[in-house]
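Pulled from Swiss-Prot:
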type    : residues : note
DOMAIN  : 574-593  : domain 'WH2'
MOD_RES : Ser12    : phosphoserine
MOD_RES : Ser85    : phosphoserine
MOD_RES : Ser135   : phosphoserine
MOD_RES : Ser555   : phosphoserine
REGION  : 38-61    : region 'Disordered'
REGION  : 80-324   : region 'Disordered'
REGION  : 472-573  : region 'Disordered'
REGION  : 508-527  : region '5 X 4 AA approximate tandem repeats'
REPEAT  : 165-180  : repeat '1'
REPEAT  : 197-212  : repeat '3'
REPEAT  : 229-244  : repeat '5'
Amino acid sequence: MSRVAKYRRQVSEDPDIDSLLETLSPEEMEELEKELDVVDPDGSVPVGLRQRNQTEKQSTGVYNREAMLNFCEKETKKLMQREMSMDESKQVETKTDAKNGEERGRDASKKALGPRRDSDLGKEPKRGGLKKSFSRDRDEAGGKSGEKPKEEKIIRGIDKGRVRAAVDKKEAGKDGRGEERAVATKKEEEKKGSDRNTGLSRDKDKKREEMKEVAKKEDDEKVKGERRNTDTRKEGEKMKRAGGNTDMKKEDEKVKRGTGNTDTKKDDEKVKKNEPLHEKEAKDDSKTKTPEKQTPSGPTKPSEGPAKVEEEAAPSIFDEPLERVKNNDPEMTEVNVNNSDCITNEILVRFTEALEFNTVVKLFALANTRADDHVAFAIAIMLKANKTITSLNLDSNHITGKGILAIFRALLQNNTLTELRFHNQRHICGGKTEMEIAKLLKENTTLLKLGYHFELAGPRMTVTNLLSRNMDKQRQKRLQEQRQAQEAKGEKKDLLEVPKAGAVAKGSPKPSPQPSPKPSPKNSPKKGGAPAAPPPPPPPLAPPLIMENLKNSLSPATQRKMGDKVLPAQEKNSRDQLLAAIRSSNLKQLKKVEVPKLLQ
């Protein structure tokens, strides 16, 4: 049942509403039904489309999506074309400005370098280009000065025309003829002004065309001058080559004949005369090229210069230390090239090759020198042969895991290196290389310091244990050396001790040639050869240490047993005596005793 039916039922029940509905016309009833009509909600239809269209206006046309998209595309293309045209106009303006600047620079360079060229080459100076440039400047100045008075005349004429027109307007109220005259005068003045403007524009166009023609002529002259310079260069080179060949032939012939000192001098003088001319031409060419090369590409060249200078200076800096290392200089015990900017990998390899047979250098430091695996492999070869280097620093370089493993494999044949540093490399070593390092270090017993932070905990612990093991071995060796040195000193003392007087008397029965004035009665031997007195007895040995007390003194107080403490002697009770007797007795010794009545 719809809501309209319910409403009609209510209306039928209410007589007043029924009477009102009867009075309504059919059109009004339709409007009322439309207002009361409510569409049942449908879940598949969106909420915005469930309500009926309440607009009274009719649609002008059907919505066409393709037409709308085409219109948008056309509009965007038009906008893009406008932007492109604006950009092109800006680029053309910038290019014209740059060309004008280049032409001015070329003119200035020509003015400065034109007379020098002519004087050096021994030719007459070409003044045509200079005259043209001066005439051009004068024309430009004259054109500017001519344009200004013409423009001022036009402005004055326009002002006069305005004044006349105002006067004519005042007189127009009196006579109608004045108006016709004013109109005629205005037209005539406008025609004159337009004719003058067109004349000015024509003059400007003519001047521009003349400027273009002059620029073309100058370019042609430049091309011709460059061709002439190249031709003169080629001819000079040919002359040099031909002169050199002829000079060599003449000298050989004259040496064979044994004559020709004067001829050789003449040939040398001719060659010397030809050389300055060619040198001057080369200088002039270089001068003409320099102003043309001062373009945006110019600033890049100074940056290349210092780098080349540093590369060339690097070998000169490190030549002396390399020679000292090769010659085994005893004063050079360290080779430190840390943080050097101009050093290369080739120089580092040369250093390692020189250190291979060196027996003086003990420290080789090349931190932050951009060393790569090639240098690491060279160091590995050097460590196999060198037995004096004790410290090696390779921090902050470009060595990978392969180069580091090669160095550690070389340590298996090296027993002198005690410190190795290779921290902060560009490439990460990784877990595999760390495990390999730990395996290789197990067979090395001399490395004590390792400058590297292990990422994995396993290799880190094993390497720390191995380094502590090596430290203990070194300490034990040191103690053994100290003991051996002490024993050697004791043996030397025994050998150097002076023998006693009794032993001297036994071994030498002859009297000494220099008798002492006061002979001591103790040293005088008895007649009949009595035996010497026995040596004194050795001192008594120290009492043996009690091991329990020593253990208690070394162990902490918390771990000591209470029974170990020495307590004062106490008297035993009868109960204690009884218990002690029971513990010491056997079952055979015990007798059966009747149980007392109280306990039964």
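All positions are counted from 1 along the displayed chain.
Just so you know, glycine gets a Cβ as well, placed from its N, Cα and C.
Bear in mind that the values here come from a model prediction, so they are computed numbers and not experimental data.
Its own atom aside, the Cβ of Ser85 (phosphoserine) has 10 Cβ atoms within 10 angstroms in the protein chains shown. Secondary structure of the domain 'WH2' (574-593) per DSSP, as helix, strand and coil residue counts: 11 helix, 0 strand, 9 coil. Mean model confidence of the domain 'WH2' (574-593) amounts to 80 (pLDDT, 0 to 100 scale).
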